[in-house]
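Q: So that we are looking at the same thing, I have put the structure below in structure tokens.
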Amino acid sequence: MLILTNNIILLIFIIYTFLVFISALGVKLNSRGLDNFSCLITVLTFVILIFARTGLGVDESTYLESYHYYVQGGEADFEYGFNILFWGIRLFGVTESSFNTIFPLLILTALYFAVTVSVKSPFRSFVLIFTIFSSFFLDFSFNAYRQGLSFWFVLLAIESHLSGNRWKFIVYCLIGLGFHWSAAVVLFMLFLTRFLSTRLAIFCNIFLFFLTLVAAMMPLHVLSMLVTMIQYLPLNSSYLQKVIFYLTTIKSSFYDLNFFGRAPLIIYALILISLLAIYRKLLPIVQFKLLILLLVYSVLLLEMSYSFRNYYWVLPFTPFIMAKILSCYSNKKKVMVMYTMFSTGLWSLSIASFYSFPILSMIFQ
């Protein structure tokens, strides 16, 4: 564990733990000032991590090579949003040496924007702290650039839909899809919520807990059946070919991870499933159904290549859901008890996920 061997990571861990207490104080006093201060220090702490690192994450070199090719006059073989971003950073003179610094900063900015827009004070720092110091955000920032940018706009699209703002929903959808094509999965699941009854969603919520535990230990073997069904569809498009490719390329799946790789992901999923079961009535029914569908999608496709990234379309909602639950209570004592419970759980999980995540070792090699 790098906390024990790297002074920078140890310092970041100490600051992170300190921030949890400052955020709690801000919630207790209902202080916007303390909330904003915690947000600022959280962002600056992650900026320190970005500039202090000495290595690159798994796919960062691939993105760097693509940018090098683009700067030399080639084309970026990505979605339209990412291509526009390549054009923009080249226009502003971003060099190849600073490319892998700019993108984590852009992803951090997108997260901060999403938190500012969708979360009310004094719970913004809570969401920001436990999102930034999570394994999926580490993966977003130093590996999965496209998904790391796309997710926050997809989240904002969902929030816009819940608030009834159709134009913002469309704009955020277009931005999210522009960074990663599989954002369409989330939007498709949002469409399917129209046909999912509340009773069935509640049943799925309960069943998901046991299904996730089983899937954590053994494959469910649903991929072959799903591929066969897709191949019989009377459609022929590049999008469907991508879907079939992802489903049939069995490498680097969830089951290739060891126990310490699987456990944090499954525990995080179980936390979200439990939240939905216990606090369902405090959440918009559309959001409840959407998260259930995304969790079902993620657990059924655990055998596919890079299947853990399916969970990246749903697990980052967890701190936002917790903040929404906290904001529903007016009794300060109850809010603080729940804040303590939520923060203790996520803080403990971060030690087994964020601070033990393989990418952290790669970027501080």
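In case you wondered, yes, glycine gets a Cβ from its N, Cα and C as well.
Note that TrEMBL annotation is computational and uncurated.
Just so it is clear, the model here is predicted, and its values are computed rather than measured.
Not my notes, these are from TrEMBL:
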TRANSMEM  6-25  transmembrane segment
TRANSMEM  37-56  transmembrane segment
TRANSMEM  101-119  transmembrane segment
TRANSMEM  126-145  transmembrane segment
TRANSMEM  169-193  transmembrane segment
TRANSMEM  200-233  transmembrane segment
TRANSMEM  259-279  transmembrane segment
TRANSMEM  286-305  transmembrane segment
TRANSMEM  311-329  transmembrane segment
TRANSMEM  341-364  transmembrane segment
Q: Any residues 6+ beyond the ends of the transmembrane segment (286-305) with a Cβ under 8 Å from its own?
A: 158, 161-162, 185-186, 189-190, 192-193, 196, 198, 201, 204-205, 208, 211-212, 215, 219-223, 226, 246-247, 249-255, 269, 272-273, 276, 280, 311, 313-314, 317, 321
Q: Taking 37-56, 126-145, 311-329, 341-364 as candidates, which has the most Cβ pairs under 8 Å with the transmembrane segment (169-193)?
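A: Selected stretch: 311-329, with the most Cβ pairs under 8 Å.
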Q: Determine which residues of the chain contact the transmembrane segment (259-279) at the Cβ level, with the cut-off under 8 Å and only residues 6 or more beyond its ends counted.
A: 134-135, 205-206, 208-209, 212-213, 216, 288, 291-292, 295, 298-299, 308, 311, 314-315, 317-318, 321-322, 325, 345, 349, 352-353, 356, 358
